[in-house]
């Protein structure tokens, strides 16, 4: 894959920005999720003591806090090359939609994976790699993104088993419910997909199959 080579300092500074952005936007996603779920969380043992659910934080204050989080996230996003802005802004739609997915499908973890994994795509333009004009880079980004989605399906399926009884009572759907009778098989498929797609990303990026190790 013929791409411009970033210096170690550029990679380090970009990594620091991504870490900061992930920290802020993960928090924003949690705030949005807790706002949507404020009437559901009190009925689930694991979530009943969340600040909004137990009314320790009002909806109005949570919205103000969310605004501060999003503004901070935008400030960080503007530190990246301009193309990252075009990739970053659409991810807000996924952040907003995820909490609603658990109300209509047993696979909200898929939407969560699409949301959490967005940085796998943004990493390329952040280092000056144009995905539009570089088919190999685009293939590597797509495979890496899909691998991260598969990883999210795996770990969040395990995580969802904690709430499965309460979720059924409240009407929250999850992948754990859909595959409670074949969980090992489903986890095996997701894990195999994760490894295979990661190897594919390494191949298109010119890193070889050792990237999986």
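Just so you know, glycine gets a Cβ as well, placed from its N, Cα and C.
Note that TrEMBL annotation is computational and uncurated.
Taking TrEMBL as the reference, the stretch among 45-72, 185-212 described by the feature transmembrane segment is residues 185-212.
The stretch from 12-36, 110-132, 138-164 that makes the most Cβ contacts under 8 Å with the transmembrane segment (185-212) is 138-164.
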